[in-house]
Amino acid sequence: MISFSQVAKAFLFLIVYFSALLFVYVQEVVVHYQYMGFPSDFGAVQLVVSVFTLFSAAILLSFRVSVQNFLFYFAVYLHFVPFLVLFTMGSLGGWTHYIVIVAGYFILWVTMRMEVPRIVLGPLAAKSILQICLGLVIFAILSIVAFGGWRLFNLNLFDVYEFRREASAQLPSVFGYIISPVAKIVIPLGLVLGSYFQSKPAIVIFVVLTVFYFGLTHHKSVLFAPIAVWLIYSMLKRSKDLRFVPYLFFSIIALSVIEIFLGWIMHGGTEAGLFTSVVVRRVILIPSLLDGLYVDFFSGNELIYWAQSKISFGLVESGYDLNAPFLIGDLFFNNSEMSANTGVVGSGFANAGVIGTLLYFGFLGVIIAILASHGRALGEALVAAAALNSFVAAITSTDIITLMLTHGLLFLIFLLALMPNSAKNSG
């Protein structure tokens with residue numbers, strides 16, 4: 001039964017977050033980054049619709065800790081509310097984007113709640129999985145070193161773009177299928193399992209390997225994603241409910257608001273704030289901006305129908321010379337080398353319009369239901385944290401089929417299926 005007090009609290013949290021994010025958007029993002037396509041045409045009707053939509057979303061949210069509830073809660077704050085901010089300000093996708101994303105999130109909520117029986121392929125001792133993760137990371141590092149990657153070793157965060165392309169060119173193309181899964185799946189799972197077994201040596205080893213792996217690959221996500229997952233796991237273990245999720249996003253927006261006020265005091269707001277640019281603009285707002293660009297373009301142009309995906313086996317021919325991310329980068333940002341990656345909304349729409357996006361949301365919901373079956377057996381916090389990177393990528397930046405096949409999500413499900421029900425007593 002739905003608790004009125006819980007819905008009221010969830011709605012209050014959403015309204016506060018929406019209002020604060022809208023303030024940051026108007027006062028900072030539009031002022032400094034409107035040239036990137038961020039809309040600035042405020043709509044009163046869209047605002048009213050957004051508030052009503054937030055109330056509807058509050059009904060679907062639950063504070064109870066579970067894999068489904070956590071991932072859905074996180075997506076609402078990271079992706080759904082930012083979309084409503086852009087929608088209120090006149091995003092390119094407009095009402096089509098609104099209908100697609102609202103219907104998609106409802107389908108996600110329904111499908112992820114399916115009761116799926118857990119498939120166990122092992123059982124293999126959970127500590128053995130920890131050892132496998134450690135071995136895979138060491139193997140990946142040694143492989144990069146063997147192909148000369150150590151010559152471009154760099155730990156300076158501000159120089160990664162200078163090294164990344166050259167480092168990638170030195171490595172065989174197969175490393176494109178290794179770097180991402182190790183960074184997004186193997187290292188985070190190793191850190192989480194280290195915490196799960198309260199093994200300080202394992203945690204220290206994985207942190208050191210994370211830093212070293214970053215120095216060889218030159219991807220910031222390699223450094224920050226595993227640490228973020230580790231912190232989320234710690235929060236999930238210590239929290240009785242999911243209220244920490246809105247508090248986490250409140251903290252981000254509060255830091256941004258403070259930065260804006262300091263900017264007004266120090267230089268009259270003429271310079272863009274670094275934190276707001278990197279975290280709020282790039283992480284929270286750009287995914288929804290790109291979704292809108294995809295919806296806007298492919299609403300009036302030829303769809304791809306997975307012609308650019310390996311699952312079509314070359315039987316479908318694309319009507320475009322560039323892959324969708326580079327096509328959008330070229331059309332909207334005048335840069336054919338810019339890969340404007342997007343998640344279930346944009347990639348689904350590019351392939352099959354509204355139906356494609358809804359199919360992607362439904363597929364993602366089934367995947368969450370499978371992960372939830374492992375969460376009930378292994379621990380909700382362990383599985384929720386281990387799946388977070390993949391889920392965020394699916395929502396914001398990666399085609400879900402690509403995510404399954406080449407970014408390690410299928411491998412994560414495989415590793416979880418190897419673990420026995422009583423993981424802590426299995427090692």
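Keep in mind that glycine also has a Cβ here, set from the backbone N, Cα and C atoms.
Per TrEMBL, the features are:
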TRANSMEM  7-25  transmembrane segment
TRANSMEM  45-63  transmembrane segment
TRANSMEM  70-89  transmembrane segment
TRANSMEM  95-112  transmembrane segment
TRANSMEM  132-153  transmembrane segment
TRANSMEM  173-196  transmembrane segment
TRANSMEM  203-232  transmembrane segment
TRANSMEM  244-265  transmembrane segment
TRANSMEM  272-290  transmembrane segment
TRANSMEM  348-370  transmembrane segment
TRANSMEM  377-395  transmembrane segment
TRANSMEM  401-419  transmembrane segment
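Within the same chain, the transmembrane segment (348-370) packs against the transmembrane segment (95-112): three or more Cβ pairs sit under 8 Å, each pair at least 6 residues apart. For the transmembrane segment (173-196), the residues of the chain that approach it from at least six positions outside its boundaries are 126-127, 129-130, 133-134, 136-137, 140, 143-144, 147, 202-203, 205-207, 209-210, 213, 217, 219, 221-222, 225-227, 229-230, 233-234, 237, 379, 382, 385-386, 388-390, 393, 406-409, 411-412, 415, 423-424, judged by C-beta separation under 8 angstroms. Recorded stretches compared: 95-112, 132-153, 203-232, 377-395, 401-419; the one with the most Cβ pairs under 8 Å to the transmembrane segment (45-63) is 95-112. In this chain, the transmembrane segment (272-290) does not touch the transmembrane segment (203-232); fewer than three CB pairs sit within less than 8 A of each other, excluding pairs fewer than 6 residues apart.
In summary, the transmembrane segment (377-395) lies against the transmembrane segment (70-89): three or more C-beta pairs, each 6 or more positions apart in sequence, are under 8 Å.
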